[in-house]
Amino acid sequence: QFALDLEDDNTTFNPEYSHQVFGDDEVAFGYKGLKILLYYIAGNLSTLFRIEYTSKVNEKFDCVEADDVESKIREIIPPGFCTNTDDFVSLLEKEVNFKPFGTLLHTYSVHNEEAGEDITYQIYKADMTCPGFREYHERLQTFLMWFIETASFIDVDDERWNYFLVFEKYNKDGATLFATVGYMTVYNYYVYPDKTRPRVSQMLILPPFQGEGHGAQLLETVHRYYMSSPTVLDITAEDPSENYVKLRDFVLVKLCQDLHCFSRGKLMQGFSQEMVMEAQQKLKINKQHTRRVYEILRLRATDMGDAEQSRSYRLDVKRRLIGPYKKKQRELAKMRRCLRPEELTNQLNQIDLNMQHEQLEESFQQLVSDYRRVLERLAQA
């Protein structure tokens, strides 16, 4: 945001992953004191890329070459980056002209203890028709390689992609500027005959802004955007991480808790088709996610100190969890009909019933622990 940030270690953050650039060992060979420096101007993400090191091996040393680190980085950052700090700082002066892309969907504020004030954030929906957005997105997506374990760049020429962007508003010399906080990409799949199923593909909140609730604001805003569309069937996610599932649980429970079908009386009667229908029609939530919402809200409604209520809840959740085990048993029944005795014995050894019960109880306890964290966050919201 400011020229002084270049010298401030507090504004620096390191990658969580580098295996997609440097291989599974995450090693750059042949350097001493290697530093790979990537700086981004907060708004339009103009980039400064520089490599520093104290020494480097050459071919005279055991006939080996140092890794070509620069080429590896150039493969993921788009051309047009700066290599000179003065050029980069001169671009920073033009940042006052940068404005967010697309349509404003939501504005919210977060209290910043350090600054002692509320900071305003905005969420926008953009697409590739927005002037300058294609080039901006090329720079933005480079963060994925360092912060999402199995990231890949998307085909931006496919018009079914939607982009949702989070920006911080901040003041500099009396002017209002915008800093990139994070973003989400959503692909709109066609569902026969006349519906779409938006699927969240990538979601990233940049490290300096993590833990402040921006992910929840972004996901809820995206849900609310699609909720208003009669052609949307439901919203899903592609290969969601554990953290994303926890975030989604929180957002969906927050959205669902006031629906009539999730009143305490209805919850205590068990999971119902009414819940599935209302959650899908009003909030675009699919059956699988609705079931998790039901289990979380029923936990809140259940007195776990009451033996009967606790037992009823435990059995209800375990009936769902036991599904994969029952599938194994069906497979075993098929095996009995077609396997030789020695092959059957081998399979039976792998399906120990006591172990199944232990795993089931372990899964249940882990789930309840996750659900309680969602409810704690909900109580603080």
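Every residue gets a Cβ built from N, Cα and C, even glycine.
Whatever TrEMBL says is automated annotation, not expert-curated.
Remember, it's a predicted structure, so these values are computed and weren't measured experimentally.
The domain 'Histone acetyl transferase HAT1 N-terminal' annotation in TrEMBL covers 10-149. If you take every residue in the domain 'Histone acetyl transferase HAT1 N-terminal' (10-149) and average the pLDDT, you get 93.
Positions annotated as site 'Interaction with histone H4 N-terminus' by TrEMBL: Trp161. Sequence-distant neighbours of Trp161 (site 'Interaction with histone H4 N-terminus'): residues of the same chain at least 6 apart with a C-beta under 8 Å from its C-beta are Asp127, Met128, Ile154, Asp155, Thr185, Val186, Tyr187, Asn188.
Note: Glu238 (active site, proton donor/acceptor) has non-local neighbours Tyr187, Arg199, Val200, Ser201, i.e. same-chain residues 6+ apart with C-beta under 8 A of its own C-beta. Per TrEMBL, the feature active site, proton donor/acceptor maps to Glu238.
Per TrEMBL, the feature domain 'Histone acetyltransferase type B catalytic subunit C-terminal' maps to 248-299.
Per DSSP, the domain 'Histone acetyltransferase type B catalytic subunit C-terminal' (248-299) is made up of 41 helix, 0 strand, 11 coil.
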